[in-house]
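K.L.:
For 27-312, the entry in Swiss-Prot reads region '35 X 5 AA approximate repeats'. Annotation comment: Swiss-Prot describes 40-43 as repeat '3'. Taken from Swiss-Prot, the feature repeat '4' covers 44-48. Residues or ranges marked as repeat '5' by Swiss-Prot: 49-53. The repeat '9' feature in Swiss-Prot is assigned to 68-72. The annotation repeat '10' is assigned in Swiss-Prot to 73-77. Residues or ranges marked as repeat '15' by Swiss-Prot: 102-105. Summarising the annotation, Swiss-Prot assigns repeat '17' to 111-115. Summarising the annotation, Swiss-Prot assigns repeat '19' to 121-125. The repeat '20' annotation in Swiss-Prot covers 126-131. If you look up Swiss-Prot, you'll see 157-163 marked as repeat '26'. Per Swiss-Prot, repeat '30' is recorded for 182-186. The repeat '33' feature in Swiss-Prot is assigned to 266-270. Feature annotation from Swiss-Prot assigns signal peptide to 1-22.
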Amino acid sequence: MAITRSSLAICLILSLVTITTADYYSPSSPPVYKSPEHKPTLPSPVYTPPVYKPTLSPPVYTKPTIPPPVYTPPVYKHTPSPPVYTKPTIPPPVYTPPVYKPTLSPPVYTKPTIPPPVYTPPVYKPTPVYTKPTIPPPVYTPPVYKPTPSPPVYKKSPSYSSPPPPYVPKPTYTPTTKPYVPEILKAVDGIILCKNGYETYPILGAKIQIVCSDPASYGKSNTEVVIYSNPTDSKGYFHLSLTSIKDLAYCRVKLYLSPVETCKNPTNVNKGLTGVPLALYGYRFYPDKNLELFSVGPFYYTGPKAAPATPKY
């Protein structure tokens with residue numbers, strides 16, 4: 001079949017599209033020139049004119065001829081005449097006189113003939129005669145006394161000597177030994193300082209006293225026990241053991257002595273004058289020494305001049 005012009009034009013357009021859409025990239029090696037190969041030329045296409053098909057005439061639309069409707073008048077059915085209601089003819093009632101039954105004659109009551117009663121006189125029975133029975137008089141028979149039996153004679157049972165009880169030694173009581181509970185030791189420690197003006201330093205050789213009062217009963221004076229501590233060391237530290245006092249509920253710690261002539265006036269800082277109640281004061285327990293240690297103070301002495309107020313610790 002010969003190639004037409006239209007098909008050739010389409011082939012050229014497709015080739016141009018493929019050329020434009022092709023991916024170009026730079027070759028890694030320089031191109032090698034090859035001599036073009038001459039392909040045999042195709043013969044020129046022979047143009048064949050298109051064959052035109054005959055154009056059909058447009059269809060002619062004609063309205064269908066519809067015959068006009070023929071009017072047929074409706075056929076009216078014959079309406080029946082309304083029914084005529086006639087009353088039924090009831091013949092008049094014919095009166096038939098009642099037939100009377102013959103009347104019965106009333107019954108005739110006749111009294112029955114009762115014979116008259118025949119009187120028979122009653123037969124009287126004689127009244128019985130009651131006679132009292134004769135009861136013989138009782139015959140007294142004296143009682144027969146049975147002989148009283150003699151009291152039984154009891155024989156003494158033979159005495160049997162029981163064997164002596166076996167010897168049972170008395171148990172020896174050994175008192176149970178209570179486990180040893182070490183006594184809890186109690187002690188008081190603290191520091192005594194001197195505050196002279198703005199200078200504060202520990203006092204060597206100062207002492208404190210512990211006053212324990214026993215509350216007396218009514219009308220009796222209470223007794224007091226006073227214990228003095230050893231003199232303080234160079235750091236003003238004191239330590240006093242309370243082994244002789246069992247109850248610390250009524251014990252107070254107070255200042256007692258200062259050997260420094262320029263610092264002998266006790267102050268009430270931390271209750272150095274009124275006394276520290278040990279019952280209301282906490283303690284530290286040392287289990288290795290079995291010791292309850294009450295740490296009080298620090299207490300202060302001052303010189304003749306009034307010292308500035310010292311805060312409580």
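Cβ from N, Cα, C; glycine included.
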K.L.:
Which residue counts does DSSP give the repeat '17' (111-115) for helix, strand and coil?
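P.N.:
In the repeat '17' (111-115), the DSSP-based counts are 0 helix, 0 strand, 5 coil.
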K.L.:
Using DSSP, what's the helix, strand and coil tally for the repeat '4' (44-48)?
P.N.:
0 helix, 0 strand, 5 coil
K.L.:
I'd like the per-state residue tally for the repeat '5' (49-53) from DSSP, helix first, then strand, then coil.
P.N.:
0 helix, 0 strand, 5 coil
